[in-house]
Amino acid sequence: MNLNEESLQKIAELSRLKIDPKDIQNFLTDFNKVLNYVDTITELNVSSVSDEELYPNEGNSLRADKAEEGLSRSQIESFAPSFQNGYFVVPKVIET
Amino acid sequence: MKELWKLKYSDIKKGLNSGEFTPTELIQSLISRIEAEDPKIKAFLSWEKESILKAAAESTERRKSGKPLSEFDGIPIGVKDNICIENTITSCASKILENYRSPFHATAIEKLLAKGFVLIPRANMDEFAMGSSTENSAYQVTKNPFDTTRIPGGSSGGSAAAVAASFVPIALGSDTGGSVRQPASLCGIYGLKPTYGTVSRYGLVAYASSLDQIGPLSKDIDGIIDVYSVISGKDQRDATSKNIPAFDPSKVKELPWKGLKIGKMKITSEIEPDIAKAYESLLAELESKGAQLVDLDFSLLSNSIPIYYIIATAECSSNLSRFDGIRFGQRKDPSGKLEDLYVTSRSEGFGKEVQRRILLGTFSLSAGYYDAYYGRAQKARVLIKKEYEGYFSKVDLILQPTSPTTAFKVGEKTSDPIQMYKADILTTSVNLAGVPAMSVPIGTDSKGLPIGLQITAPSLHEDRIFGFAKMISDWASKVQLPEAIK
C-alpha cells in the first residue's frame, strides 16, 4: 500500500514529529518504499499460530514490593532540561 | 614504549597476570594508538583521558599490592554510546541526548567494574542503534580500519572499528537485528549476540526491547567467552532477564568432528561471489574432517527483515516516546506551548532514520492497520521461532555468511533505505527467534576486506558456538588486523 501526504502528516502528528515541508516529498517516497517492502508480510499465512503460542505463559517476573532508594533530586536536576524546587518545569497548560 | 596495542585479548590478559606489563603501561600504549589513528577512524565520540588513566592507575596499584579484583583487572574495554555509565554522557549518537549524563551504571557495566575492567567509552554508533553502517550517527561517520573509504558496519560500528584498529582489545556493542555481528564481520573480528535474556538490558537505552541484547566484540574468541561470562546472569532489575546463572566458561569444549551435524544454506544471488567461495571452501573442509552437512530450507527466513522492521519500529515508537524534552535530554521551546515543545524537541533532536522508524512503528500500531501489520508480524515471529526449533532438531549448529557483502563504500547505500536494511538479511531472524549467534572472521575478499561466518546455536548453547569457533580458529587467524591505517 501507499500512504498519501495527508495520512503521513496524521501519523507524524501522532508521533509528535513535524516533517519539514521541503522534505515531505522525499520522506513520503522513502516511507512508501519501506512500507511496500514490509507489505510482503500481509501475504504470509499465519493462521496456524494459536493465541497460546502468541502469548506463552512464561510466568511473571516479580520482585518483593520493597521500597528502595531511587535517584536523588540533585541527580535528576543534573540531567533535566528545566527543573525548579524539585519539579520539572513545563509550559503552562491551563489558561486562567 | 612497548607496542602493547598490537596484542590480542588473550595475550593482554596473560601479560597483565604474569606482571610482564602494568595496566598503566597498557593503557598508555592504547592511548597513543588512539590519539595517532582515531582522527582517521573516528571510532570514539569523545573520551575522558584523565579518568581512563586514573582507572588504569588504580588497577596497577591493586595488582602491585597483590589484590587484583579478578584475573581481568586492568583489561580495557570499549563501550558503545547507548550503554549507561554513571556520570558519563550517553548520547546514543543522537542530538536529543547530546548532554545527557547517566546517573547510574548499566548492570553490564557494574559487573565489568566489579572485576576491574577499565572502561573506554564512548564508541560511535548509528543513532539509537538504527542502521547498518554507522552513517546515521548525528556526529560523525566511523571508517573501516581495513579501508577508510568504507563503512565499518552498524550499528555498533564504533565498537567494531575500535577493536579492529587495535584501540581496545575488546568492546561492548548491542545487537537488535545484527548490530554486533554485521560490523564484527565487516571489521574482521569476533562478535556475539547472546541468547535473549541472558545479559541484562538494564541501562542499555532501549530501541526494540524484545530484540535488543548487549554483546561483546573481540580480537579473539577468549575475549568473547570471558566478557560473556562476566556480564551474563539473572538481574532483578530486568524483568526479561532469564533466571539462570552467569555463563560458566569451563563448559566450553571442542566438539567431535565425526557426526557433528551442520546446517548450511543455499547460496543465493544476494551473496557476493568471494563470500560464497570462502563459505563453500570452509564447509568442504569441515566435511573432510567428518562433519555432516545438512541442507536447510531458509525460505521462511527471507521474510525476516519485513517482520523485524514491523516489530522493531513498533517497539521503537513506544520506547522513544519518552524523549519529549521534559525530563531529560535536549529541550526546544519555541512558542511556550507544551505541544510545540514536544514536537520541536523531537523533530530537531532525532535524525531522519530514527524519525522514519518512529513513523513506521506508529503506523503499524495505529487503528486500522494493527491487525494487518503488527499483529501479523507477531504471529510470523512465532513461525520463525518454530522454524529454528525445526532446524535444531536436525542439526547441532547452523553456519551462514554473516553479511551478504563485505564493507561497502561510505555513502553507497544511504540514498536507498531498503538496500541498507538488506545488509542485515542474514542476521535479523536470529534476534526474532532469540537464539544466540556469533560472527567469526574466516578470510578476506579480493580487495582484502574481511568475510565473516555466522554460527548459530539453539537457545542457551553459547558453549557450542564457542567450542566450534575454537575448532576453526585457524581460519580466523588468516585475517590479520591492519597495523597501518590508510
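Residue numbering: from 1, along the chain as shown.
Backbone N, Cα and C atoms are what each Cβ position is placed from, and that goes for glycine too.
What TrEMBL says about this protein:
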- B:25-465: domain 'Amidase' (DOMAIN)
- B:LYS80: active site, charge relay system (ACT_SITE)
- B:SER155: active site, charge relay system (ACT_SITE)
- B:SER179: active site, acyl-ester intermediate (ACT_SITE)
Among B:LYS80, B:SER155, B:SER179 [active-site residues], residue with fewest other Cβ within 10 Å: B:LYS80
C-alpha spacing of B:SER155 (active site, charge relay system) relative to B:SER179 (active site, acyl-ester intermediate), in angstrom: 5
Rounded distance in angstrom between the Cα atoms of B:LYS80 (active site, charge relay system) and B:SER155 (active site, charge relay system): 9
Average model confidence [pLDDT] within the domain 'Amidase' (B:25-465): 96
